[in-house]
Amino acid sequence: MKGRILILSLLIMSLVMAQVQVEAKICCPSNQARNGYSVCRIRFSKGRCMQVSGCQNSDTCPRGWVNAILENSADATNEHCKLGCETSVCGAMNTLQNSDASEIVNGASEQCAKGCSIFCTKSYVVPPGPPKLL
């Protein structure tokens, strides 16, 4: 039974992480342009690097521009959480929980909510017990 909960938890976390990929992409016309953009971003602004590399900021890349870079945007992540990670990711599970109050479904639903909380707050889970001294 614990194995099922673990598998469901991993599935839920992968669904949560997949939600991040709805944000804008930096689309580049070639590998060379993408690499140039990535190196440029170490020191310069996004706008400057797009201008120099020929890349574009877009939700969808133009045909043939398959070299997309997903931007890690805290605003997009926070917005997703504000809109309701639990509603969008755990909604089907909550419906199942309402129709079948089994222990596995209840546990998976709790894990989903916990995963959303950790994801949205960028927290980590502290293991139980006293801290170990190095």
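Using N, Cα and C of the backbone, Cβ positions are placed for all residues, glycine too.
Between Cys55 and the candidates Cys28, Cys40, Cys49, Cys81, Swiss-Prot records the disulphide pairing with Cys28. The disulfide bond recorded by Swiss-Prot for Cys61 joins it to Cys27 [selected from Cys27, Cys112, Cys116, Cys120]. In Swiss-Prot, the cysteine linked to Cys49 by a disulfide bond, out of Cys40, Cys81, is Cys40. Looking only at Cα atoms, Cys27 (disulfide bond) sits nearest to Cys55 among the disulfide-bonded residues Cys40, Cys49, Cys55. When the disulfide-bonded residues Cys40, Cys49, Cys61 are compared by Cα distance to Cys28 (disulfide bond), the shortest distance belongs to Cys61.
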